[in-house]
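A short worksheet on the structure shown next.
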Amino acid sequence: MESEPLLTGSMNYDPDNNDHLEKGSPKTRRLSSVAADYCCVEGGDEDLYLQQAVVFIEDAIQYRSINHRVDANSLRLYRWYYSRIWQLGLGLTIAVVLMLAFIERPSSFSYTSDPRFRPPPWEPPCGLTEGIEIVCLVIFAIDFATKSYLIGWEEFRKCKWLIVYILAVSASVIDWALTLSMYCDQNLRVRRLIRPFFLLQNSSLMKKTLKCIKRTLPEIASVILLLALHLCLFTMIGMLLFAKGENPKQNGEWEAYFRDLPTSFSSLLVLLTTANNPDVMIPAYSLNRGYSIFFILFSGFGTYFLMNLLTAIVYNQFRGYLLMSVQASILRRRLGVRAAFEVMSCQGWGQDATHSEENVERVRVDASLQVMARVQMKSYYRQAIIKRVQQLSDGFIQWEAFRRLFDELDKDRIKEHPPKPEYNSSLLQGLQLLFCHYYVTVVGNAVALANVMCICTILVLDSEKSIAERDDYYMEVINCFFILYYLMEMSLKILAFGWRGYLSYRNNIFDGLLTVCLLVLQITIFATYRLPFPKWNPASRGLMSLWEMVRLVNMLIVVRFLRIIPDIKLMALIASTLVDLVKNLRAFAGILVVVFYVFAVLGIWLFQGAITAPGQMSVMSNSSMKNITVECGSYEQLGYWPNNFDDFASSLVLLYNVMVVNNWQVFMDAYTRYTTQWSKVYFVSWWLTSSVMWVNLFVALILENFIYKWDRSVMCSVADVERTGYETTVQLMFR
C-alpha cells in the first residue's frame with residue numbers, strides 16, 4: 001500500500017544537498033532530519049540507525065513513501081503493519097465485507113434467480129451479518145489509526161484518501177447502528193455503497209488508475225460530446241425521414257423505432273453498439289433500399305470512427321500513465337535507497353580518519369551486510385546484492401556504488417535448470433541423450449494430436465447416439481494405449497533430466513500433473529469395472545457411470561494438448577502476454593469490481609421486484625404458456641426472467657450481460673415499461689462506464705503488454721535471453 005500523494009513532502013528532496021534538512025530528536029525525527037552535520041554532532045544508537053536503514057530499503061523495494069516516523073517503537077510497528085500477516089488479514093477483511101452483499105437481504109441463496117421457479121431464499125437472522133460487519137469495521141478503524149500514527153499529523157492532513165477513510169468508517173458505523181435500531185428491517189443500507197472504497201483505499205495501483213481515468217476524462221468528454229451531437233443530429237433527421245404517414249402499412253419504422261424523441265434517441269444509441277443491427281432498419285429498408293444509406297452513414301461514422309477514436313485516446317493516455325507511474329516508482333525507490341545510505345553513513349561517521357578528512361560520504365561494508373541480512377526481500381535479490389557488496393575490497397561503499405547495488409531489484413531472475421544426472425551405464429546414457437533431444441517433444445506433441453483426433457472422430461460418429469447406445473470399449477482401449485505412452489514419456493524424461501530438472505520446466509509440470517491424473521482415473525475405471533470387454537454397459541454405475549469417467553478422461557486429454565503452446569513461437573508469445581496480463585490486471589480488475597458493486601447496489605435499490613412474472617406462470621403447463629401473446633424479441637418472449645435486480649448475484653449477471661451489449665436494449669426496454677423512462681439513464685450510464693471506459697482500458701492494457709513482448713521477441717532471441725542471468729522488466733513494478 002502507498003498513501004497518496006505519491007511523494008508528499010519528499011518531491012523536492014535533493015540527495016546531494018543536505019543543507020535544508022531539519023534537526024530534531026534522534027528518536028523521533030523523520031527523514032528530513034537525517035543530515036551529515038547532525039550525525040557529526042550526535043553520533044547515535046547504531047542499532048537504531050541500522051533498523052532505519054532496513055525499513056528505508058524495504059520502502060524502496062515496495063515503492064512506498066519514506067515519509068513516516070523513524071523512532072525505534074514506530075519502526076517496529078511500521079514493519080508489523082506492512083508484514084505479510086497483517087496485509088493478508090486486511091485483504092481478507094475487505095473480501096469478507098464485500099461478500100456480505102450476497103448474504104444480506106435480499107439474499108442470493110437460491111438455486112435460481114428466475115422468479116417463476118425461485119423458492120423463498122434463505123434470510124440470515126438479524127445480527128449475523130451485522131456482527132461480522134462490525135468486526136470488519138473495527139479492523140478498518142485499527143488500520144486507519146495505525147497508518148495515521150505512522151505518517152504523522154502533517155502528512156495526514158495532506159492525504160485526502162485517509163481523511164475520506166475515517167469518514168467512510170464513521171458513516172458505515174452510523175448506518176450499522178441505524179440498521180440494528182430498526183431490527184434489521186432497513187432496506188436502504190447506505191454503507192453498501194461505501195464498502196468498495198475500502199478496496200480502493202488499500203491499493204495504490206487502483207489509486208493511480210483512478211488518476212489516469214481522471215486525467216483522461218477531458219479528452220473522453222470531448223469525444224462523448226461529439227458522439228452526443230452525432231446522435232442528436234441523426235435522431236432529428238431520422239424523425240423527419242420516418243415521420244408518421246397516411247398509409248398505416250408504411251409506418252412500421254415510425255411505430256417501432258421513431259415514435260417519439262426518447263424512442264428515436266435510444267434506438268440509434270443501441271444501433272451505435274450494433275446490438276439491434278439490422279433489425280432497426282428492416283421496416284424502412286423493406287420499403288425502399290435508399291433508407292439503408294441513413295443507417296450505414298450513422299453506424300460508419302459513429303461506431304467505426306468515433307468509438308475507435310475513443311479507444312485511441314484512452315490507449316494514448318494509458319501509455320502516459322504507465323510512463324509517469326514508472327518514473328514516480330523509480331523516484332520513490334531512489335529516495336528510499338538514499339535515505340538508507342544517509343542513516344548508514346551517520347552510524348559510521350567519524351570512525352575512519354581518512355573518511356573525515358576527505359569529507360566523502362560512504363558506508364561500511366559490514367554495516368551493509370548486516371542491513372541486507374535483516375531486510376525482508378526475495379532470496380535471489382538478497383544473494384545478488386550481498387555478492388556485489390562482498391566484491392568491494394576497501395571496506396567502504398560510496399554513494400554511486402551503493403545506489404548501483406539496488407539495480408538488481410529491477411531485474412527478474414531467469415530460472416537456471418539444475419544439471420542433469422550422471423549415469424555410469426551406457427544404456428542409461430543413451431536413453432538420457434535420446435530423451436533430452438528436442439525431437440522427443442515434437443513426437444510427444446504429434447502423439448497428443450493423434451489422441452485428440454481419435455477422440456474427435458469417435459465423438460462425431462457417436463454424436464446422434466444416446467448414452468445407452470454408445471459403446472465406450474474402443475474409446476477406452478485407445479485411451480489406455482495413449483495413457484501408457486504418456487506415462488512412458490514422463491518416466492523417461494524424469495530419467496533423463498532427474499526429478500529437479502524435470503520439474504524445473506513449467507510445461508513438464510503441466511504435462512506430468514495431467515498424466516498422473518489420467519493414470520489415476522484409468523486405474524479407477526479398472527478397479528470399478530474390471531477389465532474392459534465389448535459387452536461393457538456404458539450406463540452402469542459405480543462411483544460414477546462409465547460414460548462420465550470416460551468423458552472426464554477425454555476432457556483431460558484435450559486439455560493436455562495445450563502442451564504444444566510453448567513450442568510454437570507466436571502462440572507462446574500470445575500465451576505469455578495473457579499470463580502477464582493476468583499478473584498486471586489487479587488494478588483494473590479492482591476498478592471493475594468497484595463499478596460492478598456500486599451499480600449492482602444501485603440497481604437493487606431502484607429496480608428490485610420491478611419485473612414480476614405472471615402469477616400462475618410457475619404452475620402453467622407448456623401448452624398454456626404457448627397461448628400467452630408477447631411481442632417478438634421482448635424480455636418476456638426471449639425468456640429473460642432470470643436477469644433481474646432481485647438480489648445481488650442476479651444483478652451482477654444482468655450488468656455483465658449489458659456490458660457485453662448483445663441485446664442490451666431488451667433489458668432497457670423492459671425496465672422502461674415496468675418502471676419509468678428515466679430507467680434508461682441507469683443503463684446508459686452503466687454502458688458508458690463499463691463498455692466504453694473499462695473495456696477500452698482493458699484493450700489498452702492488452703496492447704501495451706503485447707507490444708512490449710513483441711518488441712522484445714524481435715530484438716533478442718531466446719538464446720540471448722537465456723545467456724543472461726537476469727532479465728529486466730518494467731512491468732514487474734506493477735505486479
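Yeah, the Cβs are placed from backbone N, Cα and C, and that goes for glycine too.
Taken from TrEMBL, the feature domain 'Ion transport' applies to 109-318 (among others).
What TrEMBL lists as domain 'Ion transport' is 453-706 (among others).
According to TrEMBL, the region 'Disordered' annotation covers 1-28.
The transmembrane segment annotation in TrEMBL covers 85-103 (among others). Non-local neighbours of the transmembrane segment (85-103) in the same chain are 1, 109, 124, 128-129, 132-133, 136-137, 139-140, 143, 192, 195-196, 198-199, 202, 593, 597, 600-601, 648-649; each lies 6+ residues outside the stretch with a CB under 8 Å from one of its CB atoms.
Under 8 Å from some Cβ of the transmembrane segment (162-183) lie the Cβ atoms of residues 3, 126-127, 130, 133-134, 137, 140-141, 144, 147-148, 151, 156, 189-191, 194-195, 197-198, 201, all in the same chain and six or more residues away from its ends. TrEMBL lists 162-183 (among others) with the feature transmembrane segment.
TrEMBL lists 220-243 (among others) with the feature transmembrane segment. For the transmembrane segment (220-243), the residues of the chain that approach it from at least six positions outside its boundaries are 253-254, 257-258, 261, 264-265, 267-269, 272, 284, 291, 294, 298, 301-302, 306-307, 309-310, 313-314, 688, 692-693, judged by C-beta separation under 8 angstroms.
Annotation comment: TrEMBL describes 291-315 (among others) as transmembrane segment.
Residues 474-475, 478-479, 482, 485-486, 489, 493, 554, 557-558, 560-561, 563-564, 567 of the same chain lie 6+ residues outside the transmembrane segment (438-461) yet bring a C-beta within less than 8 angstroms of a C-beta in it. According to TrEMBL, the feature transmembrane segment maps to 438-461 (among others).
The transmembrane segment annotation in TrEMBL covers 509-529 (among others).
Panel annotation: around the transmembrane segment (549-566), residues 444-445, 448-449, 451-452, 455, 472, 475-476, 479, 482, 486, 506-507, 510-511, 514-515, 517-518, 521-522, 524-525, 528, 538, 572, 575 of the same chain, lying at least six beyond its termini, place a Cβ under 8 Å from a Cβ of the stretch. TrEMBL lists 549-566 (among others) with the feature transmembrane segment.
Taken from TrEMBL, the feature transmembrane segment covers 587-607 (among others). Here the transmembrane segment (587-607) has Cβ contacts under 8 Å with residues 98, 101, 106, 188, 192-193, 195-196, 199-200, 203, 205-206, 208-210, 213, 644-648, 651-652, 654-656, 671, 675, 679, 682, 685-686, 689-690, 694, 697-698, 701, 734 of the same chain, all six or more residues outside its ends.
The transmembrane segment annotation in TrEMBL covers 681-703 (among others). Sequence-distant contacts of the transmembrane segment (681-703), counting only residues of its own chain at least 6 positions beyond either end whose CB sits under 8 Å from a CB of the stretch, comprise 209, 213, 220, 224, 269, 273, 307, 310-311, 314-315, 318-319, 577, 581, 584-585, 588, 591-592, 595-596, 599, 602-603, 606-607, 655, 658-661, 664, 667-668, 671.
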- [ ] Check the domain 'Ion transport' (109-318) for me and report the mean pLDDT.
- [x] 88
